[in-house]
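Annotation comment: Swiss-Prot describes HIS187 as active site, proton acceptor, evidence class sequence analysis. Summarising the annotation, Swiss-Prot assigns NAD(+) binding site to GLY11, ALA12, ALA13, GLY14, GLN15, ILE16, GLY17, ASN105, GLN112, VAL129, GLY130, ASN131 and lists sequence analysis as the type of evidence. Residues or ranges marked as substrate binding site in Swiss-Prot (evidence: sequence analysis): ARG92, ARG98, ASN131, ARG162.
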Amino acid sequence: MAKHVKVAVTGAAGQIGYALLFRLASGQAFGLDTTVDLHLLEIEPALPALKGVVTELEDCAFPLLCNMVVTSDPRVAFNDVNWALLVGAAPRKAGMERKDLLEKNGSIFAGQGKAINENAASDVRIFVVGNPCNTNCLIAMNNAPDIPKDRFYAMTRLDQNRAIGQLALKAGVDVPSVKNMIIWGNHSSTQYPDFYHATIDGKPATEVIRDKNWLLNDFIPVIQQRGAAVIKARGASSAASAANAALDSVWSLINTTPADDNYSVALCAQGQYGVDEGLIFSFPCRTENGVVSVIEEIEHNEFGQQKLKETLDELREERDAVEALGLI
């Protein structure tokens, strides 16, 4: 029997939104057996541009796309939705400190959390793309007290996909040969792209790629700084690759994970790996019959433990900063 899902997308007229919506409407996130309503949220000045995007969506005549709502009111956007994809966020501008960015986005995500809490469907799931996504997710979660904390996620799949691509290039293999590539922690330059537990054609990545210097001193910094490299090269942040990773994430959160693999997503920690309960931290996860769980039996060497500590410390600092601002 055909299924139906209502999906809110914030920042819908932005570059990521533009790269995301057509693929959402064609069934690439929820499957070809699921019809979709799109609730599109934008700030008032961007509504004319969003109407242009809606015109294009209509012109595609997607069989799975049923209804579209265009609004600048979060209460309307989140009304009765099953998924809220929080893509829109205030960009970091020249001279802006990270604290300023947290404050500016904090008010946006606090308001959206409240609106989701009051208006969304009882089974709503929230996926945050807008940066700093871990802490934006934390803010939304803490402003939606009636929604179970395990329904909130932030995106680290883009980092995972970047890492898989780099390992495949270095090893001279196809992308599907690389599995179990884990991103730990924050979606920032402190993230830990964990090649030690990755596999290539079923073997440990460190056995296939024997160049330890490359793994430690090239691979990790390249993944950590990849977003900045894209901005430098094209004058704008990652859009198509971010939209692609968001679709991958939603698919992985819904569908059962293959037995020989896992995926990375940031979610509300419950004390796993020594991470403070309530922090939004990226872990290796699996989905089984619609239930998402963190893989808990992974052991870290000394290097890995240090990397986990670095990214955990940063997330604690961000949490403390938004707490001081009264956002959580």
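Cβ atoms are placed via backbone N, Cα and C, with glycine included.
Highest local Cβ density among the recorded positions ARG92, ARG98, ARG162, HIS187 belongs to HIS187, counted as other Cβ atoms within 10 Å over all protein chains shown. The 10 Å shell around the Cβ of GLY130 (NAD(+) binding site) contains 26 further Cβ atoms across the protein chains shown. Cβ neighbours within 10 Å of ASN131 (substrate binding site), excluding its own Cβ and spanning all shown chains: 21. A 10 Å radius around the C-alpha of ALA13 (NAD(+) binding site) takes in none of the recorded positions listed as ASN131, ARG162, HIS187. Among the recorded positions GLY11, GLN15, GLY17, GLN112, HIS187, the residue whose Cα lies closest in space to that of ASN131 (substrate binding site) is HIS187. The record assigns GLY11, ALA12, ALA13, GLY14, GLN15, ILE16, GLY17, ASN105, GLN112, VAL129, GLY130, ASN131 to the NAD(+) site; their largest pairwise CA distance measures 20 Å. Sequence-distant neighbours of GLN15 (NAD(+) binding site): residues of the same chain at least 6 apart with a C-beta under 8 Å from its C-beta are ALA236, SER237, ALA239. Comment: substrate site residues ARG92, ARG98, ASN131, ARG162; largest CA to CA distance 24 Å, whole number. For ARG98 (substrate binding site), the nearest of the recorded positions by C-alpha distance turns out to be HIS187; the candidates were GLY11, GLY17, GLN112, HIS187. Long-range C-beta contacts of GLY11 (NAD(+) binding site), restricted to its own chain and to partners at least six residues apart, with a cutoff below 8 Å, comprise GLY17, LEU41, GLU42, LEU86, VAL87, GLY88, ALA89, GLY130. The separation of GLN112 (NAD(+) binding site) from ARG92 (substrate binding site), Cα to Cα, is 19 Å.
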